[in-house]
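What follows is a short report on a single structure.
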Amino acid sequence: MIYETTVIGYPYIGEQRQWKKTVESFWKGMIDEQTLHAQLKEQRLENVKRQYALGVETITTGDFTYYDRMLDLATAFNLIPKRYAEVEKGISTYYAMARGTKDVVASEMTKWFNTNYHYIVPEYEGQRLRLQSHRYIEYIDEALQLGVTPKPTFIGPYTFFTLTKGIQKEQEAAFLLDLIHVYTELLQQVAQTGVTWIQLEEPAFTTTLNDEQQQLIQALYTQICEQVDTKIFVTTYFEACSAYDVISQLPIDGLGLDFVHGKKENIENLRKHGFPEEKVLGVGIVNGRDIWAANLAQCVTDVRAIEQLVQPTHVWLQTSCSLQHVPVSAMHETKLPQFLQPSLAFADEKIRELVAIRQTLDGTEQTTNILAESLQQQQVLLGHKSRHNEHVAEALRTLQPAHYTRDIPFEKRQALQIEALQLPDFPTTTIGSFPQSTAVKQNRAKWRKQAISNSEYEAFIEEEMKRWITIQEEIGLDVLVHGEFERTDMVEFFGEKLDGFAFTQNGWVVSYGSRCVKPPIIYGDVAWVSPMTVNEIKYAQQYTQKHVKGMLTGPVTILNWSFVRDDIPREVVAQQIALALRKEIASLEDANVQIIQVDEPALREGLPLRKEQHADYLRWSVDAFKLATSGVAATTQIHTHMCYCEFNDFLAPITALDADVISLETSRSHGELIDVLATDAYPYGIGLGVYDIHSPRVPSVEEMLTIATDSLHVIPRQNFWVNPDCGLKTRGEQETIAALSHMVEVAQQLRQRVTVQ
């Protein structure tokens, strides 16, 4: 048996987020394009050297990007929409597609399968696909010059096809012929570098595949593989491989399977169908999506059990998916509880785990102590007293159906809320956060370093809240927010105030573009301690007669945007968080807050990839939201907000939340949701984001008015809200004021039309 260690992909952001700093410096004009390329090359080389030093034998290249890997392929294949024709070619077009410009909107962005990473959606407008200039060969040459064995990786053709938008049924054949041609040409160029293996990532192989889709996969791979003279390794991740009997017989040279998230089904497939002896089996044995140290002894046992089933001649020991979903290294995490620290494994530690597993399997080193130490570390956390809270357990045991429902239905609530809140037609609001200026970030940093006192920091935050209440009044917004200047992150903020959470110093992962987040760690039972948001809302409210919304993050989003304990079901953790939020909502009501927003931007991303598993997830995730929000008075208006995702097939769960108002992040794909609402009416209040906050451009009144007017064809006037599509934390102050002023003008024009009618 031959064993090798490899990873599907490695985090490209750098241990200190060097990548983020470089690309943002370029966007701001602080460095030129030549410096951008030079600095990113330096970071790529460091990533390769780091993996090699850790013991990875075959180093993946092409897992690096200047923004997004789907965008990399789209631009390499000439999938560039016409609206960018006037933009300077090259890097300017690339970043215009990613971020937009003052004149051109960005491409759509949505979740990468069931993760918190967002990719840029390729757009097809009937153009011919042609291979353009790209950097993939450069990445391979860099690795070869370092003396390592590179394994270039690409998003596979089937996944790329399924995620590309705009392909009409009658265009599919032409598109697929072009796609086969450009993939073949690209892989032929790569093969000429002398690499032994090319990796194609096909996460779409883990979704439900019908007969037609299976036939398409066979056609794609038959035509591509017969024209490429190098070995092709296809890897799947996030779930078990669908249609395994078909996929395993493709004319490829190796197949990677996820034995973490799809362990049971993948093993059953091996037992039932076997594995081609001439192919390399990629065993995804170390979890690439969480930060918990692996049970190495169990991993070794699992690999040996797989060997007994199919007796492959060559095994690649790999992570279950790309390591871009975890932080780079736990080495510098010095402030975590002592009982927790040894139980963590970030990207570098996971590579060490793979190496230890390989050494155990091939007998090259004595690893008994390593396996015993791994088990001992896990036992320390498992049995620690801080992990269990009897008060939380008792609260869960006493839950009744009444805890999950509002007292009266929405139709009656809406009438009561209209009377109580006295809002105009087409009320305007924002999603919650306002720009966090350099001064905000500097003062927070000083406070964390104890360079300023608590009272000094609180005074600064209060002044910023007061200033933005005044700005909102001057703009003319109807429902105000306090701005969230005290919050670094919409999940971290709450985790810091709840029991059961821990926080890293440097545990950054990429969310989209250069936006990085630092997910908290849920290691114990989650419990409410004291009011978390009341003081800020009360302070802001004293400076306005208008309503100031309470702003909370929902239970499923806190769950999905955290690294979650793996010793109890996620459903139970969601219930614990919901109970804590229920108490916080009661505290806001006690403070006379009449509008409370409970954001669930990550509700959909937790959806299993298999349709047959959707119902159970939706049951408990919707229940968690309702458990958090159903204890309020009928006159209290519950809002929620959701981020980029495919809403077309998600309207029923959104409706089931029973939220009085929902705001949706849809500005980049607005027409699709309007089409859905034309068929299936949404009975609650709704705000379809009228402009894209992820782009620095300020849209015109006319542009926003068009979106609003189109929306009113399918949304009743009394249900219609006007808002941006997401929070404004990352935007500049002047562009925010300008865009919101345009948005308020839109609402005023809509009201005038109603008056005239």
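Placement of Cβ uses the backbone N, Cα and C atoms for every residue, glycine included.
Note that the structure is predicted; figures quoted are calculated from it, not measured.
When secondary structure is read from DSSP and collapsed to three states, HIS694 (active site, proton donor) falls in the coil class. Residues or ranges marked as active site, proton donor in TrEMBL: HIS694.
Residues annotated as 5-methyltetrahydropteroyltri-L-glutamate binding site in TrEMBL: LYS20, LYS111, ASN116, ARG515, CYS516, TRP561, GLU605. For ASN116 (5-methyltetrahydropteroyltri-L-glutamate binding site), the same-chain residues that are 6 or more apart in sequence and have a Cβ closer than 8 Å to its Cβ are HIS325, VAL509, SER511, VAL517, PRO519, ASN560, TRP561, ALA602, GLU605.
Sequence annotations record features per position, and here TrEMBL assigns L-homocysteine binding site to ILE431, GLY432, SER433, GLU484, ASP599. Contacts of ILE431 (L-homocysteine binding site) defined by a Cβ separation under 8 A and a same-chain sequence distance of 6+ are given as VAL481, GLN597, ASP599, HIS641, SER663, ASN723, PRO724, ASP725, CYS726, GLY727, LEU728, in order along the sequence.
The feature L-methionine binding site is assigned by TrEMBL to ILE431, GLY432, SER433, GLU484, ASP599. The secondary structure of SER433 (L-homocysteine binding site), as reduced to three states from DSSP, is extended strand. For SER433 (L-homocysteine binding site), the number of other Cβ atoms no farther than 10 Å from its own Cβ, over all displayed protein chains, is 21.
Following the DSSP three-state reduction, the secondary structure of HIS641 (Zn(2+) 1 binding site) is strand. Among the features that TrEMBL reports, Zn(2+) 1 binding site is placed at HIS641, CYS643, GLU665, CYS726.
Annotation source TrEMBL lists Zn(2+) binding site at HIS641, CYS643, GLU665, CYS726.
Among the features that TrEMBL reports, domain 'Cobalamin-independent methionine synthase MetE N-terminal' is placed at 5-309.
The feature domain 'Cobalamin-independent methionine synthase MetE C-terminal/archaeal' is assigned by TrEMBL to 426-748. Taken as a whole, the domain 'Cobalamin-independent methionine synthase MetE C-terminal/archaeal' (426-748) shows an average pLDDT of 93 in this prediction.
Within 10 Å of the C-beta atom of GLU665 (Zn(2+) 1 binding site) sit 26 other C-beta atoms, taking all shown protein chains into account. Using a 10 Å Cβ-Cβ cutoff, HIS694 (active site, proton donor) registers 21 neighbours. Around LYS20 (5-methyltetrahydropteroyltri-L-glutamate binding site), the same-chain residues at least 6 positions away in sequence with a Cβ under 8 Å from its Cβ are ILE13, GLY14, SER514, CYS516. According to DSSP, TRP561 (5-methyltetrahydropteroyltri-L-glutamate binding site) is assigned to coil rather than to any helix or strand. Ranking the binding-site residues CYS516, CYS643, CYS726 by how many other Cβ atoms lie within 10 angstroms of each Cβ puts CYS516 at the bottom. GLU484 (L-homocysteine binding site) counts 24 other C-beta atoms within 10 Å of its own C-beta, drawing on all protein chains shown. A separation of roughly 10 Å, to the nearest angstrom, links the Cα atoms of GLU665 (Zn(2+) 1 binding site) and HIS694 (active site, proton donor). A gap of 18 Å separates the Cα atoms of GLU484 (L-homocysteine binding site) and CYS643 (Zn(2+) 1 binding site). Taking the C-alpha positions, the distance from GLY432 (L-homocysteine binding site) to CYS643 (Zn(2+) 1 binding site) comes to 13 Å. The Cβ of TRP561 (5-methyltetrahydropteroyltri-L-glutamate binding site) has 23 neighbouring Cβ atoms from other residues within 10 Å, across all protein chains displayed.
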